[in-house]
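Going by Swiss-Prot, these are the annotated features:
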BINDING   Arg19, His131, Thr353  substrate binding site
BINDING   Gly106, Tyr107, Ser177, His205, Thr236  pyridoxal 5'-phosphate binding site
MOD_RES   Lys239  N6-(pyridoxal phosphate)lysine
Amino acid sequence: MLPDLAEALQQRRQEGLYRFRQVLEGPQSPRVTIDGRDFLAFCSNDYLGLANHPALIEAVAAGAQRYGVGSGASHLISGHSRAHHELEEALAEFVGLPRTLLFSTGYMANMAVVTALMGREDAIFADRLNHASLNDAALLSRARFIRYPHLDLVTLEKQLKTIQARRRLIVTDAVFSMDGDRAPVAELLALCQRFDAWLLLDDAHGFGVLGEQGKGSLYDPQEVERNVPHLIYMATLGKAAGVSGAFVAAQASMIETLIQHSRTYGYTTAAAPLLAHALLTSLQLISQGVWRRERLVQLIEQLRQKLQSLPWQLLLSDTPIQPLLVGGSREAVRLDQALRERGIWVPAIRPPTVPQGMARLRISLSAAHAGEDVDQLSAALHDLAGC
């Protein structure tokens, strides 16, 4: 069996699909150090530049002083601290939904929702470019799993009309992690109302970045209020929020159902309470950080203007995720390595993360970047393109 594994790994190398971990010597930042060498990084999902914010560092220390380091148990035993509880209440108020439930990761949150609600008699309708966690959750639930072409609501409507099921759940990224485009949330909620379905909205890359005060893809409070019975909102706390974790927000009966039936909630140790304590400060920074979101908009516009003349396709996106489509996996790796030789780190994204023939450089912007950083990246890419 071991020779089979070695052969499969070698095949992966030959196809340009082998992945390596990079060991950072310091905090997450637009400037990182790897093996003693400094890089200008466009890699992380630290969209607001909060991962190394002094106020969060102080909050973590204060949380450790008050709550210690570990939670020691699951939320359902003795691991649910005052910090966890206050964060859940603050998040519910922030996004405008009745209740929230904390999870250690977005993957666990998506798995919890789908497997707790759906079974063999049910149907899940999923955008073809959804995050892997949504796909894995759907498969594990044993529900019927129907995928529709990316953002194709005409096809989705036909599927909802023709496929009968006890329960129906539409699952979608709100901001698609590898393309940077957005799901039409209002239209999806309208379909849920028409066909008596739930919408699980994964806003991992929108929370903190989009909407008023960074409230994410739930930009219209009246729309949210009208659709509470149909809406299940998931967002992560390790991207724009700069810390770690995730939460699900929904009506009270939905949250209670997840507490009772979600295996990834009940059968795991709760995240360290010091993280929840720090996230209360993060939520304040997000709410008050209008200038950070404005800065991001400026950087996005600057980048798109400078990269339009490249021979590679810059996918349409108004979010911090700016994908540069190069096609083949080997070409993506070549460009990744050539940029690193110039002191710039932009990750090559290859199958199976993206479809075959759709390999890309995934440029991630942060409010911590400077305009000069974008200029440096642009100059390097134009040099590599021979422009």
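Here, residue 1 is simply the first one shown, and the rest follow in order.
Yeah, the Cβs are placed from backbone N, Cα and C, and that goes for glycine too.
Neighbours of Thr353 (substrate binding site), defined as other CB atoms within 10 A of its CB across all chains, total 17. Comparing Cβ neighbour counts within 10 Å across the recorded positions His131, His205, Lys239, the minimum falls on His131. Of the chain residues outside the pyridoxal 5'-phosphate site list Gly106, Tyr107, Ser177, His205, Thr236, His131, Ser133, Asp202, Ala204, Lys239, Ala246 have their Cβ within 8 Å of the site's Cβ mean position. Sequence-distant contacts (6 or more apart, same chain, Cβ under 8 Å) of Tyr107 (pyridoxal 5'-phosphate binding site) comprise Ser133, Asp136. For the pyridoxal 5'-phosphate site, whose binding residues are given in the record as Gly106, Tyr107, Ser177, His205, Thr236, the maximum C-alpha distance rounds to 13 Å.
A Cα-Cα distance of 11 Å separates Gly106 (pyridoxal 5'-phosphate binding site) from Lys239 (N6-(pyridoxal phosphate)lysine). Within its own chain, Thr236 (pyridoxal 5'-phosphate binding site) has Thr105, Gly106, Ala109, Ala204, Phe207, Gly245, Ala246 as residues 6 or more apart in sequence whose C-beta sits under 8 angstroms from its own. Using CA atoms as reference points, the recorded positions Ser177, His205, Lys239 were checked against His131 (substrate binding site), and the closest is Ser177.
Here Ser177 (pyridoxal 5'-phosphate binding site) is positioned 10 angstrom away from Thr353 (substrate binding site), judged by their C-alpha atoms.
Cα spacing between Arg19 (substrate binding site) and His205 (pyridoxal 5'-phosphate binding site): 23 Å, rounded to the nearest whole number.
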